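Enquirer: Pulled these features from TrEMBL for this protein:
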- 64: active site, phosphoserine intermediate (ACT_SITE)
- 64, 278, 280, 282: Mg(2+) binding site (BINDING)
- 372, 373, 374, 497, 498, 499, 500, 501, 506: substrate binding site (BINDING)
- 57-100: domain 'Alpha-D-phosphohexomutase alpha/beta/alpha' (DOMAIN)
- 119-173: domain 'Alpha-D-phosphohexomutase alpha/beta/alpha' (DOMAIN)
- 185-285: domain 'Phosphoacetylglucosamine mutase AMG1' (DOMAIN)
- 299-436: domain 'Phosphoacetylglucosamine mutase AMG1' (DOMAIN)
- 484-526: domain 'Alpha-D-phosphohexomutase C-terminal' (DOMAIN)
Ligand SMILES: CC(=O)N[C@H]1[C@@H](OP(=O)(O)O)O[C@H](CO)[C@@H](O)[C@@H]1O
Ligand SMILES: [Mg+2]
């Protein structure tokens, strides 16, 4: 084993002077630096699968909304969730082992630590997004998997959520909780069947234009939409996934959310709904321009609110005792939190940034809605919830329909991870059923004007936080200065934290008016600059 490991790893030597870290979104950086990392992720996936009795582990090669020259890699655990946090440090140790001999020491250390029987089977599936560097990184990954004798299957080009779906299907096949057929056709069928069930009484197709960020989500959503042509009229723009140099360029969910503006390639018709995916289609934001050409963003907070409102109503109609809650991060607009708590009377939890935190918190509700403001999120239906719905004794047609609709939503909404395609269908289903225009959705509450800024500092690690990242602990005294500044503004809120994916500190601010928020964010950026 170690011989073949040494031989293979010599082909994938680690560059010196780089420190790798498995962060919020796995390893992510310039693709040219990732060959050894991806190879070693193959080794870790083999260990993880053997540790979990041969369950299938997923690996996704993507850098999401990053520029075309970047790439990244992340692991998917058996139920389709992100890699368990305690294993992230093992990924980091493997990636940072200097020499081949060091690598074998770390690898064998993990084998011993977890008493892993290397004679057992290891199973891995992987996919990549549409980046140019994808195929070469896949070759490195395959070497890693061969080096540790893992069985593997290459799923080709998929969206990140499709790979998560496949992993869960493979690990639940033949069980009572089978998640579906582990193929792309299986994924499309699951979503389209659920959509047709939910919209069985609707006759008008909903029309939407999607900016696919020139990524892999474009061809996938176009394929799915063919099956739904009676219910959905989809136009895909920025759909050049075969021109990887255009990926995320002046388009995509991150561009639209951060800049609060239209992507290139979109010439809006007044009050018509648009959406943008990110490069690997695990995020979505919606938007439209009104008759006065004012741009309205419908971000993750608006999606969460819409879903919570609609599912809350369905629970009431179903007369089943289920609790519903919403999970957000500090980046959620204050108006959305207020609306969910005060108007919808639902509990809201706040967690640190990163979907794994939100996902985990959402599991405590029977139905947990979680979204980051940037459009990454989903709705989780707990096993108890599904069982209660299936066992419910419906006495009226209204109750029956509500129960069937809730169950269909649990099939429509990806239960493993935020999914742009699944979230798109969820939103369009709700808008269709409510017969709502995009303006009606936009006006359920009005966002407080907000700004997100980035400050490059010498060492972002000195910025540590508490209270779900809403308060700085260090540098000492800095939070006090921010609080003093915030006090000067109406409805002001601002917080500062180190990014987990970029070498920068992020500053968020919101206020009662645009003028104030521009002023506040500028002042907090100054405070941060002066502190480091
Ligand atoms: C403000 C913001 O949008 N932060 C993003 C960003 O994290 P940072 O730790 O802020 O760099 O990337 C994460 C991974 O994609 C995503 O989960 C998160 O929401
Ligand atoms: Mg993404």
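Backbone N, Cα and C atoms are what each Cβ position is placed from, and that goes for glycine too.
Bear in mind that the values here come from a model prediction, so they are computed numbers and not experimental data.
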Enquirer: Mind running the binding-site residues 282, 374, 498, 500 against ligand 1 and keeping the ones whose CB falls under 6 Å of it?
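Expert: From 282, 374, 498, 500, counting a Cβ under 6 Å from ligand 1 as near, the near ones are 374, 500.
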Enquirer: Taking the Cα atoms as reference points, how far is residue 374 (substrate binding site) from the residue listed as 'active site, phosphoserine intermediate' in Å?
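Expert: Here the two Cα atoms lie 13 Å apart.
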Enquirer: Including all protein chains displayed, how many Cβ atoms other than that of residue 372 (substrate binding site) lie within 10 Å of its Cβ?
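Expert: I get 25 for this one.
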Enquirer: Do we see three or more Cβ pairs under 8 Å linking the domain 'Alpha-D-phosphohexomutase alpha/beta/alpha' (119-173) and the domain 'Phosphoacetylglucosamine mutase AMG1' (299-436), pairs being at least 6 apart in sequence?
Expert: yes
Enquirer: Are there at least 3 C-beta pairs under 8 angstroms linking the domain 'Alpha-D-phosphohexomutase C-terminal' (484-526) and the domain 'Alpha-D-phosphohexomutase alpha/beta/alpha' (57-100), leaving out pairs fewer than 6 apart in sequence?
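Expert: Since fewer than 3 Cβ pairs under 8 Å link them, the domain 'Alpha-D-phosphohexomutase alpha/beta/alpha' (57-100) and the domain 'Alpha-D-phosphohexomutase C-terminal' (484-526) do not come into contact.
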Enquirer: List, in sequence order, the residues of the same chain other than 64, 278, 280, 282 whose Cβ lies within 8 Å of the centroid of the Cβ atoms of the recorded Mg(2+) site.
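Expert: Checked against the 8 Å cutoff, the neighbours are 62, 65, 129, 159, 160, 215, 253, 277, 279, 281, 283, 376, 420.
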Enquirer: Please report, as numbers and ranges, the same-chain residues at least 6 past the borders of the domain 'Alpha-D-phosphohexomutase C-terminal' (484-526) whose CB is under 8 Å from any CB of it.
Expert: 23-25, 28, 330-331, 333-334, 353-354, 448-457, 460-461, 463-465, 469-472, 478
Enquirer: Which binding-site residues among 278, 280, 372, 498 have CB under 6 Å of ligand 2?
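Expert: By the Cβ criterion, which requires under 6 Å to ligand 2, the hits are 278, 280.
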Enquirer: DSSP says what for the domain 'Alpha-D-phosphohexomutase alpha/beta/alpha' (119-173): how many helix, strand, coil residues?
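Expert: Across the domain 'Alpha-D-phosphohexomutase alpha/beta/alpha' (119-173), DSSP assigns the residues as follows: 27 helix, 13 strand, 15 coil.
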Enquirer: Using DSSP and three states only, what is residue 506 (substrate binding site)?
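Expert: It is in a strand.
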Enquirer: Mind telling me which of the recorded positions 64, 374 has the densest Cβ neighbourhood, counting other Cβ atoms within 10 Å?
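Expert: Going through 64, 374 one by one, the largest Cβ count within 10 Å is at 64.
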